[in-house]
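Here's what TrEMBL has on this protein:
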type: DOMAIN; residues: C:71-259; note: domain 'ABC transmembrane type-1'
type: TRANSMEM; residues: C:20-40; note: transmembrane segment
type: TRANSMEM; residues: C:77-97; note: transmembrane segment
type: TRANSMEM; residues: C:109-130; note: transmembrane segment
type: TRANSMEM; residues: C:142-162; note: transmembrane segment
type: TRANSMEM; residues: C:183-208; note: transmembrane segment
type: TRANSMEM; residues: C:240-262; note: transmembrane segment
Amino acid sequence: MHGRNASNGEAIALRGISKAFGSVTVLKDTELTVNKSEFLTLLGPSGSGKTTLLNLISGAIAPSSGEILLAGRDITRMPPRERGIGMVFQNYALMPHMTVFENVAYPLRARREPSEAIRRKVLDALDRVGLNGFDDRKPRQLSGGQQQRVGIARCIVYSPAIIMMDEPLGALDKNLREQMQTEIKRLHHELGTTIIYVTHDQEEALNMSDRICLMKNGEIAQLGTPDELYFRPNSRFVAEFIGESNLLPGKSIAANSVAIDEAEAVIAPSSERGLGSDVLVMVRPEKMHICAPDADPPAGHNVLRGVVEAISFIGGMTRITVKTAHGVSVTAKIISGPACTRPELGSAAKLSWSPTESVVLNG
Amino acid sequence: MNRSIDLKVQSLFMSPAALVAAGIILPPLCYVLITSFQGDTGPLSAYKLIVESSLFRQTLATTLGVASISSVLSLILGYIVALHLARQHPNRRTVLMVLILLPFWTSILVKCFAFTIILGRHGIINNLLSWASGFDVQLPLVLNRVGLFVGMTNFLVPLVVLPVLASLLAIDSTLYRAASVMGAKPARMFWTVTVPLSVPGVVAGLLSVFVMSLGAFVIPALLGGPQDQMLSNLVDFYNRQVLDWPKASAISVILLALASIFIVPMALWRRRKI
Amino acid sequence: MANSVLDPLSRRYRFVGSSLATVVYIFLLAPVVVTIPMAFGPTNALEFPPSTYSLDLFRILFTSDSWLLPLYTSLKVAIFSTCAALFVGLPSAYWIARYEFLGKLLISGVLISPLVIPAIVSGLGIYLYFAYIRIGGTTLSLVLGHVMVTLPYVIVMIIAGVQKLDRNLEFGAELMGANPIRMFFTVVIPELVPSLISAAFFAFLLSFDEVIISWFLTGSDTVTLPVKMYSALEWEVSPVIAAVSALLTALSLLACIVTIGLRKSSGEEVS
């Protein structure tokens, strides 16, 4: 999958797009290019501007400045119906008075296609989403998952250049959501359509996307592959929003070393920040190793000592929080074992991690 | 949404309404206004004669008095009913709503006719009282102030119930549970939770009912006595008996101005709620 | 609330509240109910309860021209004005509910104004206006006058209906390539059917019961049923009025039940 986003042309490009409602700016000057056949996720907390971005592309709202290019063509002022974009809504937005067949046929009828072509395409689309034989039902006779399949079929049936999905799985329960994620990925693979997907669920974004565009306060915080966002976050916000993270405050004291709490120096990848500047060393909890105070950590590891402050057993993983002598809490996430294998609350412990597993961020 | 509106489509959707607004709704108001300035001796003569006439002054006083009292009466009765409806299970409430909506949808003429039967000298009430007391009771209950208030209140109550009920139903029921857990007795709960939170509905209901009653015409004509005629009836009198349209129009303008004093806050109140 | 433990105090309050409410219900319903038995009473006296029962009053109502013609006029006017109010109200209510545009406040204010302007003012004005353009006393003038009265209700009811619709349905249809007209006919109108039916019933009833505007607009051969009834009540109270009342009440009951049924079937709270 990840090889497919290589430059086979741009599907949509936003050039200096911004949006303000009165004096409130909901989207600051934004540049964004989505490649053909790419699965791009707009991720962010509510109010971050991801839905605004989606609405601008669909034409639900007009931008305050900038232009939108669809396959190189300026569509900034084009009415939604001429853009040839498909959309899947969180609440499905199926016509309750129409059957499944009529719902899926709607875009084709609007395009005045001949009825036998409509029939063939609709049945094919329903087949693709696994809804064979449901064509006579009304939407309210279907489950949430089935309704959203109709919503997807209604999009793929007219082969739009881009399909946008606005939290399409938001109304479904967890198990169904995971199953539908797999199906949407499969459809994307089969059809090769460009998909712009909006969600606030980071796991969903990591699982499905070629690239993730993480938004914050009307700006792009970071744009990159799931790997880049997870392993190379560019800011504290990204590190905290995606996955769990330990953020150790410190001062840069040499090209590749950071003093944490002005006490213990740790080795960190070299940063371009000036000596003496405040930085944060980010380490993912699952990259933290924990061992007894008298054991030796792997060679070359950074080491912190402290006292076990909290233990939470959360199923497959166990989270152990250690408080260092200088009052910094650090969490390690280890694969769970029976209670006897865990350190005891209040006992001394040693934490260690490989310098390559840490990222230096601005403090 | 502030996407650019297709003006061609807009004109298609809005032009019939614009035509009705400009061709049917606005001209009558203009005609009333213009006619009111066409008195015999100068543009303001009709107003002058009207304001100086004791008939008008007396009618104005009656109108304000009747409108105020019947609004308050209907608020009290309407609140009782709204409170009762708000406490019912939704299914039962739907059934009971028929008892409010049916009178609301019933012709005002039917009600006036019925009240002449119920309240007349040989009507149901007097017959019941005669039967109960053994005397021939003939209380004058209609074609006077009593009949007018009974008719007005009956007409207005459903108009109060609907907004008050809406605001009562909007009260979060956990507030009641919280108040009672904290030890509030029913009476305290009523005065500290129910009443303050139903104020929006009460204000909306009271304003609309008052405006409605200012313009009452049929009820004073059919259930009130000669002393109980209101401004609307005076307009009709000048229009139909005296054939003096400038005066009829001048009274209409005054009535409209009077109503506007309350229509404007009512409109603002509604907008605020939205 | 329904399942909570009731202490004796709140039980007492509740009893008092229910009793008072019952009295008000009776007060509200009495005038509606009283006329029904009287409609089946004798032709020579107005009495309650009637001493004899018959269908004579209805026979007079449906055979004498002096009642039949107004009934026919009222039906005609109500049907035409309801259709016209829907034709004008549906597209404008949709547009007002969905879009912001220049002059929106002005035009919606004017369209809604007959709701709050005293009917006598509108009545006198429309009488003066129609006399000037020489259509006073015609059926057309009645229809136009009734459109003025019913349109605000139709618009308010349809706006309420539109506001309950899912905007994504309309936007989705547009995104899938439907033009605004096609979208309106294939998405909005089918979705609005319950609101349209209640608005139509209400407009019909409002027009059929309308007195004050008609009082100014009827000519000698276009007397409507309520105007006929109003003059009858003013001058000589005839027992036939009981039959007319029963007829009007039955109509109101029908409209009332249809409306509640529609709201109930679309699963919303009646209020």
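The backbone N, Cα and C atoms fix where each Cβ goes, and this holds for glycine too.
If you look at the transmembrane segment (C:20-40), the same-chain residues 6 or more away from its ends with a CB under 8 A from one of its CBs are 46-50, 53-55, 57-58, 239, 242-243, 245-247, 249, 252. Long-range Cβ contacts of the transmembrane segment (C:77-97) within its own chain (Cβ-Cβ under 8 Å, at least 6 residues beyond either end) map to 104, 107-108, 111, 139, 142-144, 146-147, 150-151, 154-156, 158-159, 162-163, 184, 188-189, 192, 196, 199-200, 203-205, 207-208, 224. Sequence-distant contacts of the transmembrane segment (C:240-262) (same chain, six or more residues past either end, CB-CB distance under 8 Å): 32, 35-36, 38-39, 41, 43, 46, 57-58, 60-61, 64, 67, 194, 197-198, 201-202, 204-205, 208-209, 225, 229, 232-233, 270. Long-range contacts of the transmembrane segment (C:142-162) within the same chain: residues 73, 77-78, 80-82, 84-86, 88-90, 92-94, 96-98, 108, 111-115, 119, 122-123, 126, 130, 135, 188, 192, 194-196, 198-199, 202-203, 206-207, 210, 213-214, 216-218, 222, 224, each at least 6 residues beyond the stretch ends and with a Cβ under 8 Å from a Cβ of the stretch.
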